[in-house]
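Below is one structure; the comments refer to it alone.
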Amino acid sequence: MSATCNVVVLLSGTGSNLQALIDSTRTGDSPVRIRAVISNRADAYGLQRARDAGIDTRVLDHKAFEGREAFDAALIEQIDAFNPQLVVLAGFMRILSAGFVRHYQGRLFNIHPSLLPKYKGLHTHQRALEAGDTEHGCSVHFVTEELDGGPLVVQAVIPVELHDTPQSLAQRVHAREHQIYPMAVRWFAEGRLTLDDRGASLDGQLLAASGHLIRH
Ligand code: GRF
(Lines of atoms letter the chains of each structure in order from A and count residues from 1; the text may use other names and numbers.)
(Lines give C-alpha, C1' and ligand atoms only; values in the text may rest on other atoms or scores of the structure.)
Protein backbone atom coordinates (compact mmCIF):
# COMPACT_ATOMS: atom_id res chain seq x y z
CA MET A 1 0.00 0.00 0.00
CA SER A 2 1.63 3.25 -1.03
CA ALA A 3 -1.11 5.61 0.19
CA THR A 4 -0.60 7.63 3.35
CA CYS A 5 -1.98 6.22 6.58
CA ASN A 6 -3.45 8.90 8.81
CA VAL A 7 -2.82 8.27 12.50
CA VAL A 8 -4.24 9.95 15.60
CA VAL A 9 -2.30 9.47 18.84
CA LEU A 10 -3.93 9.64 22.28
CA LEU A 11 -1.79 10.27 25.36
CA SER A 12 -1.86 11.60 28.91
CA GLY A 13 1.81 12.07 29.77
CA THR A 14 5.42 12.33 28.67
CA GLY A 15 4.94 11.02 25.18
CA SER A 16 8.30 9.36 24.60
CA ASN A 17 6.50 6.77 22.46
CA LEU A 18 4.92 9.59 20.47
CA GLN A 19 8.44 10.98 19.96
CA ALA A 20 9.64 7.62 18.66
CA LEU A 21 6.71 7.58 16.22
CA ILE A 22 7.42 11.13 15.09
CA ASP A 23 11.10 10.30 14.56
CA SER A 24 10.18 7.19 12.57
CA THR A 25 8.09 9.22 10.13
CA ARG A 26 11.07 11.41 9.26
CA THR A 27 12.73 8.81 7.06
CA GLY A 28 11.16 10.14 3.88
CA ASP A 29 9.66 6.83 2.77
CA SER A 30 7.27 6.49 5.72
CA PRO A 31 3.62 5.91 4.85
CA VAL A 32 2.64 7.09 8.35
CA ARG A 33 1.22 10.58 8.81
CA ILE A 34 0.48 11.64 12.38
CA ARG A 35 -2.49 13.91 11.87
CA ALA A 36 -3.18 14.85 15.49
CA VAL A 37 -2.31 14.24 19.12
CA ILE A 38 -5.16 14.34 21.62
CA SER A 39 -4.69 14.42 25.39
CA ASN A 40 -7.09 14.36 28.32
CA ARG A 41 -4.53 16.44 30.24
CA ALA A 42 -3.58 19.96 29.18
CA ASP A 43 -0.18 19.66 30.91
CA ALA A 44 0.91 16.47 29.12
CA TYR A 45 4.45 16.98 27.80
CA GLY A 46 3.50 14.89 24.78
CA LEU A 47 1.43 17.85 23.53
CA GLN A 48 4.59 19.98 23.46
CA ARG A 49 6.39 17.30 21.48
CA ALA A 50 3.54 17.36 18.96
CA ARG A 51 3.57 21.15 18.68
CA ASP A 52 7.34 21.10 18.17
CA ALA A 53 6.80 18.70 15.29
CA GLY A 54 4.04 20.86 13.77
CA ILE A 55 1.30 18.33 14.56
CA ASP A 56 -2.24 19.44 15.45
CA THR A 57 -3.15 19.01 19.11
CA ARG A 58 -6.42 18.86 21.02
CA VAL A 59 -7.18 18.68 24.74
CA LEU A 60 -10.32 17.00 25.96
CA ASP A 61 -10.59 17.11 29.74
CA HIS A 62 -12.47 14.06 31.00
CA LYS A 63 -13.41 15.95 34.17
CA ALA A 64 -15.63 18.23 32.10
CA PHE A 65 -17.90 15.30 31.19
CA GLU A 66 -20.53 13.41 33.10
CA GLY A 67 -19.39 9.87 32.80
CA ARG A 68 -17.28 7.73 30.53
CA GLU A 69 -19.79 7.35 27.72
CA ALA A 70 -20.18 11.11 27.26
CA PHE A 71 -16.40 11.66 27.29
CA ASP A 72 -15.79 8.83 24.84
CA ALA A 73 -18.48 10.11 22.48
CA ALA A 74 -16.81 13.53 22.42
CA LEU A 75 -13.43 11.88 21.95
CA ILE A 76 -14.68 9.89 18.96
CA GLU A 77 -15.95 13.10 17.41
CA GLN A 78 -12.57 14.80 17.83
CA ILE A 79 -10.63 11.83 16.52
CA ASP A 80 -12.86 11.24 13.50
CA ALA A 81 -12.54 14.87 12.43
CA PHE A 82 -9.00 13.84 11.35
CA ASN A 83 -10.15 10.77 9.39
CA PRO A 84 -7.57 8.37 10.80
CA GLN A 85 -7.07 4.86 9.48
CA LEU A 86 -5.34 4.03 12.78
CA VAL A 87 -5.69 5.27 16.37
CA VAL A 88 -2.68 4.77 18.64
CA LEU A 89 -2.82 4.78 22.45
CA ALA A 90 0.53 5.96 23.78
CA GLY A 91 0.24 6.24 27.54
CA PHE A 92 -3.43 7.28 27.46
CA MET A 93 -4.47 6.79 31.08
CA ARG A 94 -8.18 6.27 30.56
CA ILE A 95 -10.21 3.10 30.43
CA LEU A 96 -12.18 3.18 27.19
CA SER A 97 -15.84 2.23 26.91
CA ALA A 98 -16.96 -0.80 24.92
CA GLY A 99 -18.63 1.52 22.41
CA PHE A 100 -15.35 3.38 21.80
CA VAL A 101 -13.39 0.18 21.34
CA ARG A 102 -15.97 -1.25 18.94
CA HIS A 103 -15.96 1.95 16.90
CA TYR A 104 -12.23 1.48 16.20
CA GLN A 105 -12.30 -2.31 15.92
CA GLY A 106 -9.21 -3.52 14.03
CA ARG A 107 -7.60 -0.07 13.91
CA LEU A 108 -6.80 0.71 17.54
CA PHE A 109 -3.35 -0.09 19.00
CA ASN A 110 -2.00 -0.01 22.54
CA ILE A 111 1.45 -0.53 24.00
CA HIS A 112 1.89 -2.09 27.40
CA PRO A 113 5.06 -2.46 29.51
CA SER A 114 4.92 -6.22 30.12
CA LEU A 115 4.90 -9.47 28.23
CA LEU A 116 1.13 -9.80 28.00
CA PRO A 117 -0.91 -11.67 29.09
CA LYS A 118 1.33 -11.26 32.14
CA TYR A 119 0.89 -8.19 34.33
CA LYS A 120 -2.08 -6.34 32.94
CA GLY A 121 -2.65 -3.01 34.66
CA LEU A 122 -0.07 -1.01 36.62
CA HIS A 123 3.33 -1.56 38.34
CA THR A 124 4.38 -4.14 35.79
CA HIS A 125 8.15 -3.87 36.43
CA GLN A 126 7.77 -4.26 40.18
CA ARG A 127 5.50 -7.26 39.66
CA ALA A 128 7.91 -8.97 37.24
CA LEU A 129 10.74 -8.54 39.77
CA GLU A 130 8.64 -9.79 42.68
CA ALA A 131 7.68 -12.88 40.69
CA GLY A 132 11.37 -13.62 40.05
CA ASP A 133 10.89 -13.54 36.26
CA THR A 134 14.05 -13.99 34.22
CA GLU A 135 12.51 -12.22 31.24
CA HIS A 136 10.37 -9.13 30.89
CA GLY A 137 9.44 -6.78 28.09
CA CYS A 138 6.67 -4.93 26.29
CA SER A 139 3.78 -5.67 23.96
CA VAL A 140 1.89 -3.95 21.16
CA HIS A 141 -1.65 -5.23 20.74
CA PHE A 142 -4.93 -4.52 19.03
CA VAL A 143 -7.36 -3.16 21.60
CA THR A 144 -10.47 -5.13 22.41
CA GLU A 145 -12.99 -4.68 25.19
CA GLU A 146 -10.79 -6.58 27.66
CA LEU A 147 -8.37 -4.21 29.47
CA ASP A 148 -4.81 -4.84 28.20
CA GLY A 149 -6.23 -7.79 26.27
CA GLY A 150 -6.64 -8.11 22.52
CA PRO A 151 -4.56 -9.93 19.90
CA LEU A 152 -0.83 -9.34 20.24
CA VAL A 153 1.09 -7.86 17.33
CA VAL A 154 4.68 -7.75 18.58
CA GLN A 155 6.56 -8.31 21.82
CA ALA A 156 10.13 -7.35 22.71
CA VAL A 157 11.74 -9.60 25.32
CA ILE A 158 14.63 -8.49 27.53
CA PRO A 159 16.52 -10.43 30.19
CA VAL A 160 16.02 -9.42 33.83
CA GLU A 161 19.46 -8.80 35.38
CA LEU A 162 20.42 -9.72 38.92
CA HIS A 163 20.62 -6.14 40.16
CA ASP A 164 17.61 -4.76 38.31
CA THR A 165 15.25 -2.39 40.09
CA PRO A 166 11.80 -1.37 38.83
CA GLN A 167 13.45 1.82 37.55
CA SER A 168 16.28 0.14 35.66
CA LEU A 169 13.86 -2.36 34.13
CA ALA A 170 11.45 0.43 33.18
CA GLN A 171 14.26 2.24 31.39
CA ARG A 172 15.30 -0.76 29.31
CA VAL A 173 11.70 -1.73 28.54
CA HIS A 174 10.95 1.83 27.45
CA ALA A 175 13.86 1.75 25.00
CA ARG A 176 12.36 -1.37 23.42
CA GLU A 177 8.90 0.21 23.30
CA HIS A 178 10.41 2.93 21.14
CA GLN A 179 11.52 0.27 18.65
CA ILE A 180 8.45 -1.94 18.46
CA TYR A 181 5.72 0.70 18.40
CA PRO A 182 6.92 2.48 15.24
CA MET A 183 7.51 -0.94 13.70
CA ALA A 184 3.93 -2.12 14.35
CA VAL A 185 2.45 1.18 13.17
CA ARG A 186 4.44 0.96 9.96
CA TRP A 187 3.29 -2.62 9.33
CA PHE A 188 -0.28 -1.45 9.71
CA ALA A 189 0.27 1.58 7.48
CA GLU A 190 1.76 -0.65 4.78
CA GLY A 191 -1.36 -2.82 4.88
CA ARG A 192 0.65 -5.81 6.13
CA LEU A 193 -1.15 -6.17 9.44
CA THR A 194 -4.79 -7.17 9.70
CA LEU A 195 -7.25 -8.34 12.32
CA ASP A 196 -10.11 -10.75 11.74
CA ASP A 197 -12.04 -13.38 13.70
CA ARG A 198 -8.99 -15.68 13.81
CA GLY A 199 -6.68 -13.01 15.24
CA ALA A 200 -3.89 -10.75 13.99
CA SER A 201 -2.10 -11.58 10.74
CA LEU A 202 1.15 -10.23 9.30
CA ASP A 203 1.61 -10.57 5.53
CA GLY A 204 -1.38 -12.92 5.44
CA GLN A 205 0.09 -15.28 8.05
CA LEU A 206 -1.74 -15.65 11.33
CA LEU A 207 0.56 -14.48 14.14
CA ALA A 208 1.31 -16.69 17.15
CA ALA A 209 -0.51 -15.88 20.40
CA SER A 210 2.56 -13.90 21.54
CA GLY A 211 2.61 -11.84 18.34
CA HIS A 212 5.90 -11.39 16.49
CA LEU A 213 8.65 -12.00 19.07
CA ILE A 214 11.84 -9.96 19.21
CA ARG A 215 14.50 -11.12 21.66
CA HIS A 216 17.21 -8.92 23.13
C1 GRF B 1 4.60 3.36 28.40
O2 GRF B 1 5.31 2.66 29.38
C3 GRF B 1 3.55 2.47 27.80
O4 GRF B 1 3.91 1.13 27.76
C5 GRF B 1 2.38 2.69 28.70
O6 GRF B 1 2.44 4.05 29.04
C7 GRF B 1 3.79 4.49 28.98
C8 GRF B 1 3.84 5.73 28.14
O9 GRF B 1 5.11 6.31 28.16
N10 GRF B 1 1.14 2.33 28.06
P11 GRF B 1 5.44 7.59 27.28
O12 GRF B 1 4.45 8.68 27.69
O13 GRF B 1 5.28 7.21 25.84
O14 GRF B 1 6.84 7.97 27.61
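Glycine too: its Cβ is placed from the backbone N, Cα and C atoms.
As written in TrEMBL, here are the features:
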| type | residues | note |
| --- | --- | --- |
| ACT_SITE | H112 | active site, proton donor |
| BINDING | G15, S16, N17 | N(1)-(5-phospho-beta-D-ribosyl)glycinamide binding site |
| BINDING | R68, M93, R94, I95, L96, N110 | (6R)-10-formyltetrahydrofolate binding site |
| DOMAIN | 6-185 | domain 'Formyl transferase N-terminal' |
| SITE | D148 | site 'Raises pKa of active site His' |
Item checked: Nonlocal residues around the residue listed as 'active site, proton donor', in sequence order (Cβ under 8 Å, 6 or more apart) -> K120, T124, C138, S139, H141, D148
Checklist line | S16 (N(1)-(5-phospho-beta-D-ribosyl)glycinamide binding site) to M93 ((6R)-10-formyltetrahydrofolate binding site) - Cα separation in whole Å | finding: 15
Margin query: Running a distance check here. Ligand 1 versus the recorded positions G15, R68, R94, D148: which have CB less than 6 Å from one of its atoms?
Written below: G15
Margin query: What does the structure give for the C-alpha distance between N110 ((6R)-10-formyltetrahydrofolate binding site) and G15 (N(1)-(5-phospho-beta-D-ribosyl)glycinamide binding site)? Integer Å is fine.
Written below: 13
Notebook entry, point to check: Looking only at the domain 'Formyl transferase N-terminal' (6-185), what is the mean pLDDT?
Noted result: 97
Checklist line | R68 ((6R)-10-formyltetrahydrofolate binding site) in three-state DSSP notation | finding: helix
Margin query: Give me the sequence-ordered set of same-chain residues, not including G15, S16, N17, with a C-beta within 8 angstroms of the centroid of the N(1)-(5-phospho-beta-D-ribosyl)glycinamide site's C-beta atoms.
Written below: L11, G13, T14, L18, Q19, A20, L21, G46, R49, A90, G91, H178
